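*Asks:* Structure below; questions to follow.
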């Protein structure tokens, strides 16, 4: 997994003061990272246009232009007059190297931005408020085949809020380390592929300790059956309580069985199970089992059962969906449980604990709110769903950006609850269960050719093939 930071000012300051890497060295390495991206995505001789701003982000662009000129048809548009000392220095160096630099004329109709690669080096991490009208990157980038953002696409602020005219990159090179603003739900459509641009020193030397991490494909640890002398009891008993909409719980149960649980049982609370809708591989119980490894409640549920508090004492659990609308869920916040709400459900839970905020406030501050909640309830693991999933525990937050839009379909969350339950029943810690189930869920969604057609049962089949 990769370290994530809200800002990297402290990292740059340390690199300069402790590692004796000057601003010039850092900027040259940033330009080299951008240069590698151009070389990987365009042939020699291709037309490359670089949009440069007035600060150090613009300086990166001018340094890049100097490195490309002679091998590519390189053109720089000066979107704003160079102001920072490093930007001015890099602009002069670019001019001396023969780079063509044109002033961008806001009202000029004949400026041709058709190119093979368009690179945004305009604002970077200093964006606040709204973009100036002439910086409408949606129209500026229409004729570019491939678009690269330097550090942060212009129009995304430090909280991950996005201006409607923001630069929509195919690739973002985050300089030095990953910034948290690039991982917001709203930024997902603007960042494209995300890579780190190393600034002249190995990233683990450049970085400082952090409480925020980005999950990678390599972090997934699938269930392992490495013993030959074993039986079903060695792999846990997972129990799913079915609500009024029984299909949701049945999906969770099938998902848990497919992810390694030795036994999966179900119990109807608000529904009636007939012989026509009984999956043969599940064990159907009339009562809550005395011996079990973990249970899940909430999928398709309308009311909290009266024995809920007693069940919390018997085994670890996954709580989802319907439970977050009932005050009885508060009993679980002092137990080792995994909560898996989507934003609307999380708002309801926050209201129950006395935090009244709007959906807009939640989406604008999702990372901070999830972290604060996990610190207030240290026994709980919170998995907050969204375009990017947040997993928070005791102040640490793990961000999963691996999933696809294919998961935006009823039943996907029920499958996820089942995956978490399965790992919990197999003696994974609650945090490891949430992280690995979320990763498997996301990666399986990428295996489907047509993202509009994925069904929950298809998803379970793909999970079996990981």
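Just so it is clear, glycine is given a Cβ too, placed from its N, Cα and C backbone atoms.
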*Asks:* Per Swiss-Prot, which of 124-130, 208-214 is region 'NADPHX 1'?
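*Replies:* Spelled out, Swiss-Prot records region 'NADPHX 1' over residues 124-130, not the other listed ranges.
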*Asks:* In Swiss-Prot, the residues 57, 120 are said to bind K(+). Which of 22, 154, 158 is said to bind at that same site?
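*Replies:* Among 22, 154, 158, only 154 appears alongside 57, 120 as K(+)-binding in Swiss-Prot.
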*Asks:* Of 385, 409, which of the binding-site residues has the most Cβ neighbours inside 10 Å?
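*Replies:* Result of the Cβ crowding comparison: 385.
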*Asks:* Could you give the residue numbers and ranges of same-chain residues that sit at least 6 residues beyond the region 'NADPHX 2' (342-348) on either side and whose C-beta is under 8 angstroms from one of its C-beta atoms?
*Replies:* 321, 324-325, 357, 359, 362-363, 366, 384-386, 413
*Asks:* How many helix, strand and coil residues does the region 'NADPHX 2' (342-348) contain under DSSP?
*Replies:* 6 helix, 0 strand, 1 coil
*Asks:* Within the domain 'YjeF C-terminal' (215-466) only, compute the mean pLDDT.
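*Replies:* The average pLDDT of the model in the domain 'YjeF C-terminal' (215-466) works out to 93.
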*Asks:* Taking the Cβ of residue 407 (ADP binding site) as the centre, how many other Cβ atoms fall within a 10 Å radius?
*Replies:* 24
*Asks:* Just jot down the residues in the same chain as residue 405 (ADP binding site), at least 6 apart in sequence, with C-beta under 8 A of its C-beta; none if empty.
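*Replies:* The list for residue 405 (ADP binding site) reads 451, given in order along the sequence.
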*Asks:* Among all the protein chains here, how many other CB atoms are within 10 A of the CB of residue 411 (ADP binding site)?
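*Replies:* That number is 20.
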